[in-house]
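Working notes for the structure below.
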C-alpha cells in the first residue's frame, strides 16, 4: 500500500555503478563489523526525535546525500560535534573510504546508510532535519537520463517535508547544465527560496569548506564549481 503522505520512489536508480575497485581485506572487514553498527535500520519506525539515533548528545540533525569518499562529511561531523549527521552513499568504494576514516577517527554523532537516499527521506519524520547537502551528484549527462538526476520535483517535495522551516538545502556542482537545472527546479518550487545577492554567493565555496577529491579533479581539468544555497520557507 502507498503512503499518500510520502512521494513514491522512482523506479530508476539515482546513482550509477555500485562497485569499482575490489575492496582490500581490511575494507571488507569494516563492511562486516563497523557498517552494521552505524547503519540506519529502516525496518523500524524512525524516532520522532532524531537526536536519539546518535551516541553523542546532539542538538540538530543534518543529512548529506551521496558523500563520495566522505571528506566533507567526516570533516563537518568533527567540526560540529553538537550536530548529528546522516550520510548516504550507495557506491561501495566511497563507503569503504568513509568507514576507514571512521575507523581511525570515530564520530559518535554520525550514522550511515548505503542504499537509496529516497528510502531514508521517506522514513524520516516531518520537519526533522536542519539541513540537506547534495554535493557533486551524478549529472547524468545524456538527455534520456535526466530523469535520474537527484534534483527533481518529487525529491524537492521530499526535502520540503523533512526540512525544518529556515533549514538549508545546499547543492554544489561543476556541471553548468546541472547547476541551471537545480536553480530552475528550486526557484519554481513553493517551499524554497534562493537568497543569493551577488556572484560571490555561488562562486565562493561554503564557509569552512574542506574540498573533495572529485572537486580537485574538476579544477585540474579546468571546470569551475557553483555553490548554491536554498532556504526552506
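Cβ coordinates come from backbone N, Cα and C, glycine included.
Cβ neighbour count for residue 138 (active site) (all protein chains, 10 Å cutoff from its Cβ): 18. The active site annotation in Swiss-Prot covers 138, and the record cites similarity to another entry as its basis.
Residue 116 (S-adenosyl-L-methionine binding site) falls within neither a helix nor a strand when secondary structure is assigned with DSSP, and so counts as coil. Taken from Swiss-Prot, the feature S-adenosyl-L-methionine binding site covers 64, 89, 116, 138.
Counted within 10 Å of its Cβ, the other Cβ atoms near residue 174 (substrate binding site) come to 19, all protein chains included. In the three-state DSSP assignment, the secondary structure recorded for residue 174 (substrate binding site) is coil. Annotation source Swiss-Prot lists substrate binding site at 142, 174, 212, 213, 214, 215, citing sequence analysis.
The region 'Disordered' annotation in Swiss-Prot covers 1-22.
With respect to residue 116 (S-adenosyl-L-methionine binding site), the closest of these recorded positions in Cα terms is 138, chosen from 138, 212, 214, 215.
Listed in sequence order, 66, 67, 68, 70, 95, 98, 112, 114 are the same-chain residues six or more apart from residue 89 (S-adenosyl-L-methionine binding site) with CB atoms under 8 A from its CB.
Taking the Cβ of residue 214 (substrate binding site) as reference, residues of its chain lying under 8 Å away and at least six apart in sequence are, in sequence order, 68, 69, 136.
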